[in-house]
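Below is one structure, written out as structure tokens; comments come after it.
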Amino acid sequence: MEEQRLRSSNSISSAPPLLLHTLKHARRTAFNRAFAAVYTCAISALLYYHALKLIHSATLSSSFFISLSFFLSDAFLAFMWASRQCFLMTIVYREEYPENLERVLRKPDFPALDVFICTADPYKEPPMRLISTVLAVMAYEYPTEKISIYVSDDGGSQLTMFACMEAAKFATHWLPFCRKKKMINRSPEVYFASNHSWCSETEKIKILYESMKARVENVLERGKVGEEYINEEPQCRALSKWTDGSFTRQDHPPVIQILLESSKSKDTTGHLMPNLIYVSREKRRTSPHNFKAGALNVLLRVSATMSNAPIILTLDCDMYSNDPQTPLRALCYLSDSEIQSQLGYVQFPQMFHGVNKNDIYACEYKRIFQTNPLGLDGLVGPNHVGTGCFFNRRAFFGGPSATNVSPEIPELSPNHIVDKNIQSQPILELAHKVAGCDYENKTQWGFEMGFRYGSLIEDFYTGFRLTCEGWRSTFCNPKRPAFLGDAPICLIDALQQCQRWMIGGLQVAFCKFRPITFGVRSVGPLVGLAYTNYSFWSFWFVPLTIYAFLPQLALLNGLTIFPKVSEPWFFLYVFLFLGAYGQDLFEFVIEGGTVPKWWNNQRMWMIRGLSSFMFGCLEFFLTRLGISTYGFGLTSKVVDDEQSKRYDQGKFEFGVSSPMFVPLTMAAIINLVSFFMGLLQVIRGSSSVEGLFLQMFIAGFAVLNSLPIYEAMVLRSDKGRMPFKTTMISTLIALLLIFGAWPYFVSCLAISTFLALK
Ligand SMILES: O=c1ccn([C@@H]2O[C@H](COP(=O)(O)OP(=O)(O)O[C@H]3O[C@H](CO)[C@@H](O)[C@H](O)[C@H]3O)[C@@H](O)[C@H]2O)c(=O)[nH]1
Ligand SMILES: [Mn+2]
């Protein structure tokens, strides 16, 4: 089954053909396919069972509505299960051999590399984190003068620019230090926090680092750059663009500042440095800015005028490089002449540091970032995840075949060769022009060119469109994570991030290029359905809500709705449950997950179902009706000490009162009550275990999953406990539901939805 790819050498003709990368199919492929066939039969049987039930309850009674609800839920679950199989049919593992690279491509022939780093708010995304990311990339083991780093500051903040200036100065010491020590941790923040070797030189660098940190943090605290920190003329001129009053975050001219120039700037040992350019695009309240996709398109254009490197690495400000050899790994694919012409991007998995032992909020999203891409890689390549991705610049200008989309001016074309100095007047003028907020009007940017607009998950949508155009991608998943970023450490942040993704997914699901029709037509059913699966995620809220409330309310009313233990259909339910959960656990653990992490993962799926998925759907449809609008709520990367202590102990962080917590608290209460009432009925003998078993099992399972919620409601007194208000509201609505006061329930729901949206 092993397929190996040889690279034809084009630079050293006498050298033997050398291996740059290999590909191996997963051994469990046959098993996965066989299991899928068996499970499909079981699902068909279940749908048949539902159909029978529906036919038998011919009257429009409550049992008809209950049967219909389960039929619809299970049909949707079946669709999601089936489309998920697209990720499991063709799992492949790749390996690359960067040590062979230089034997087939001489160092001077390495392509230039443009790195895009996005940040948007110095108070939610600490500038020290940003510059650590910047410095780690500057210190890549790659010809330094070929690297250009563009920092996009959507916060338009002089604090961020100041931090970048400090980073430029510190880099003159940091880069030679990294080279000399050959260390692997090149983010100074991480390096100094880890156990590093001690010597007088390290000591000196550490002092420099600490004093830079003190200056940056002081400026941040004061909210402006004090006079005492500006001692050079260029700095003064650059910072003077922030004129009092007229320069605000949402309203300001473009600011482009060259902080280091690779042809001139030298480090303390006389080596050339990379280009470092600060870019804050023009913002006007009247022009839409398209969030991160808009920022990246500005960087695509600004970089085209200055360096126009054929390869682009995109990073979020918190995603620091954890391995200086990463670009070489990406080059193993991007310089392979056999696949090069079609290769749109090389995606690295998104991974995180500081996630607690059992990842209580399942923020690693192991399936999205680590396992599913392995399956897509065996088809056309992984989806794009926004960060840690090396792009072929040409991919942003139409498909890989000859029919390229050309930008409106030739200077932006990927074939354009920059022949002027980046500090020269014409280049700077053009760069400012293409960073203007009205520049994109009447152009193809965001539609046929660059990062695509129209979804809050611009990464997913852009990757999807590129794939449909014919671009292929590869998944590069080295043992040592290439990039590590911050994951949210409090529940509300995790849920809000997920809600944004859900809205983004629906925007893709219902756009002109929807995966289920356009995708299936362009790249075939497997890939089309895989993307559909992602874009439909939020609809999971329907079956999850039904299973969280209906069997329990039925139980409270003494109704039996599932097959009895003695009926053969009962075993179908058992098989379906154990099969789905078993397969899920197996896939999770075989890719390096642990059982407690998996447990938390399935718990968070239910929690998100009743919060992020539900509210995401609601917001999406309300916006469609013109009642609400979306924003890109940034995920905070700042941590409060107490919060982080609780997080490390594995305690759920509620703390703030939010409507998102209401449905899940209600579910926790109702499941608990119904489980005990069921137990009581059985003990009293008024109902048999036989009939209620499945309902009690579901309630019991939900109770087990809700333990942290009960704890947060009644046992805890710290700041992360469930707010009293949320507990009260949830209990009230739960009681209304339990006592069957439907009209009150509906009106309460309407009122709380209204309040939630205000
Ligand atoms: O108007 C904006 C909003 C965000 N960002 C940047 O976008 C990045 C991602 O924002 P974050 O708050 O960290 O969102 P996450 O949900 O953690 O990000 C994931 O989801 C995003 C799509 O929603 C992708 O863009 C990211 O790459 C992916 O890591 C950050 O660097 C921001 O600075 C901007 O540049 N401009
Ligand atoms: Mn992030």
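Every residue, even glycine, has its Cβ placed from backbone N, Cα and C.
Cross-referencing Asp74, Asp109, Asp154 with the UDP-alpha-D-glucose binding residues that TrEMBL gives (Lys124, Glu125) picks out Asp154. Ranking the recorded positions Lys292, Asp316, Asp459 by Cα distance from Glu125 (UDP-alpha-D-glucose binding site) puts Asp316 first. The UDP-alpha-D-glucose site, placed at the center of the C-beta atoms of Lys124, Glu125, Asp154, has further neighbours from the same chain whose C-beta lies within 8 angstroms: Thr119, Ala120, Asp121, Pro122, Tyr123, Gly155, Cys317, Leu634. Lys292 (Mn(2+) binding site) falls within a helical segment according to DSSP. Ranking the binding-site residues Lys124, Lys292 by C-beta neighbours within 10 Å puts Lys292 at the top. Contact counts against the transmembrane segment (34-52), taken as Cβ pairs under 8 Å, peak for 570-590 among the stretches 531-550, 570-590, 610-632. Of all residue pairs in Lys124, Glu125, Asp154, the annotated binders of UDP-alpha-D-glucose, the farthest apart have Cα atoms separated by 12 Å. Within the set of binding-site residues Lys124, Glu125, Asp316, Asp316 have a CB atom less than 6 Å from some atom of ligand 2. Tertiary proximity for the transmembrane segment (531-550) is limited to same-chain residues at least six positions away from its ends with a CB under 8 Å from its CB atoms, namely 66, 69-70, 72-74, 76-77, 79-80, 83-84, 86-87, 368, 383, 460, 464, 501-503, 505-506, 508-509, 514-516, 519-520, 561, 605-606, 609-610, 612-614, 616-617, 620, 663, 667, 670-671, 698, 702, 737.
Across the fold, the C-alpha of Lys292 (Mn(2+) binding site) and the C-alpha of Asp154 (UDP-alpha-D-glucose binding site) stand 8 Å from each other.
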